[in-house]
């Protein structure tokens with residue numbers, strides 16, 4: 001009986017499994033690989049899961065288990081929503097069945113089986129619920145991760161956009177600031193240029209007025225001299241206190257002679273005492289030099305110097321120095337007073353011209369190489385041509401030369417110096433127009449050092465002495481290149497303006513030597529005497545033509561002859 005019960009229960013399990021399989025796949029016959037999830041049982045069903053209908057006692061074992069199986073399968077079919085047809089294999093024949101067992105005993109045997117089935121259901125439901133909860137948690141985690149990633153991406157995009165906007169704003173601000181600075185610099189440069197031009201025009205006007213006044217004064221003095229010469233000889237020999245003055249003398253301009261007479265009583269210490277000896281002509285014996293004859297001769301020599309373009313302050317200094325040295329002195333009877341006075345004036349001029357005599361060739365040989373020489377001056381004085389002439393002189397003495405084209409301001413200046421470099425076959429260091437001239441000078445010096453050259457000649461921009469910006473640029477070139485010699489190139493025809501130029505350049509960088517150009521013109525060289533006397537610097541060369549050979553060492557005797565030639 002128990003064996004039969006076991007087999008029935010086994011068959012019941014197989015039928016249940018088969019029914020479960022049919023339940024899982026019956027709704028998706030075409031896609032059997034898709035599993036239909038089973039809904040978890042309700043709590044009420046779980047409460048009644050242990051209740052099993054026990055067949056009537058009058059059924060035999062086979063019929064009982066068959067009925068039990070059919071009831072179970074039918075119940076499962078209802079749960080799954082399908083239809084179950086009972087299978088009847090054993091006829092219900094109470095007569096042929098064995099003696100039934102008591103109902104309580106059979107119920108006790110079936111109850112554990114039913115409990116196991118319910119426990120499995122609960123376990124399956126719990127597992128399903130756990131898996132569902134896990135899946136939901138994973139989905140929520142994935143959704144949260146996606147949300148965070150999206151938020152981070154959005155934040156990153158916003159930060160990138162803000163950074164771009166900030167960069168553009170900063171770029172615009174810098175551009176606006178640069179434009180503002182450029183406009184301010186342009187405005188300042190314009191104002192400086194206008195101020196420099198006004199100053200230049202004012203200086204030019206003053207120079208013209210001074211020249212006109214000087215010309216008028218010289219004319220008045222010449223007229224006074226002519227009037228003095230026209231007086232009778234006896235009237236001229238009378239003492240200075242006795243002559244009768246013309247009635248209209250107060251209305252005429254005061255002559256140089258009259259001025260000397262009025263001031264001859266002043267003590268000599270009121271003026272700087274300068275000794276200009278006239279050699280053996282003046283001594284302790286002989287004729288005494290009197291005021292009137294001396295003043296007449298000095299007036300004539302003063303006019304000669306003024307006509308030679310010597311500046312009036314320089315002429316005054318020379319004439320007064322000669323007068324202080326000769327007044328009341330005695331001279332030999334074998335000489336005339338004219339010879340004594342002319343000799344004294346020439347000696348005083350010669351002393352001025354020989355101040356710090358400069359031997360360029362000897363000086364160059366004593367300097368460490370490369371020798372850096374810087375040339376300054378205004379436009380139109382022949383500065384670039386003078387540089388080429390000195391380069392030719394050095395080449396003739398078998399010295400190597402490098403030219404530095406530091407005039408990057410004037411259009412055509414670089415090309416002009418390049419032509420001279422090609423003609424002389426020397427190296428030229430140059431940059432483009434408007435480049436930094438100090439950088440050009442530095443590169444030229446470095447090239448000369450690397451190639452073991454003897455000299456570097458620096459050509460600078462010609463600039464008016466009133467242009468402060470260009471003067472500052474010239475100072476920078478001198479500071480960077482540290483030249484051994486700074487040469488001022490002046491125009492012999494410039495007159496008083498050349499003196500002012502030399503004074504400004506000397507104050508800016510300290511002039512060491514002077515080169516005078518256009519000395520071959522009608523000018524008698526008064527500028528040389530004026531510049532040498534004013535700034536106390538030697539004249540190294542004079543230029544008397546356009547050829548490279550037209551450069552001469554300055555000779556004070558030659559210049560003196562030009563000053564006093566008829």
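Positions of Cβ are set from backbone N, Cα and C atoms, glycine also.
The following features are taken from TrEMBL:
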- 377-384, 459-463, 517-520: GTP binding site (BINDING)
- 1-16: compositional bias 'Low complexity' (COMPBIAS)
- 17-37: compositional bias 'Basic and acidic residues' (COMPBIAS)
- 38-63: compositional bias 'Acidic residues' (COMPBIAS)
- 64-79: compositional bias 'Basic and acidic residues' (COMPBIAS)
- 80-93: compositional bias 'Polar residues' (COMPBIAS)
- 96-219: compositional bias 'Basic and acidic residues' (COMPBIAS)
- 226-253: compositional bias 'Basic and acidic residues' (COMPBIAS)
- 538-551: domain 'SRP54-type proteins GTP-binding' (DOMAIN)
- 1-253: region 'Disordered' (REGION)
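Annotation note: residue 377 (GTP binding site) sits in a coil segment as assigned by DSSP.
Less than 8 angstroms from the CB of residue 377 (GTP binding site) sit 383, 462, 488, 489, 490, 501, 505, each of them six or more residues away in the same chain. Across the domain 'SRP54-type proteins GTP-binding' (538-551), DSSP assigns 0 helix, 6 strand, 8 coil. The highest number of surrounding Cβ atoms within 10 Å, among the binding-site residues 380, 383, 460, 519, is found at 460.
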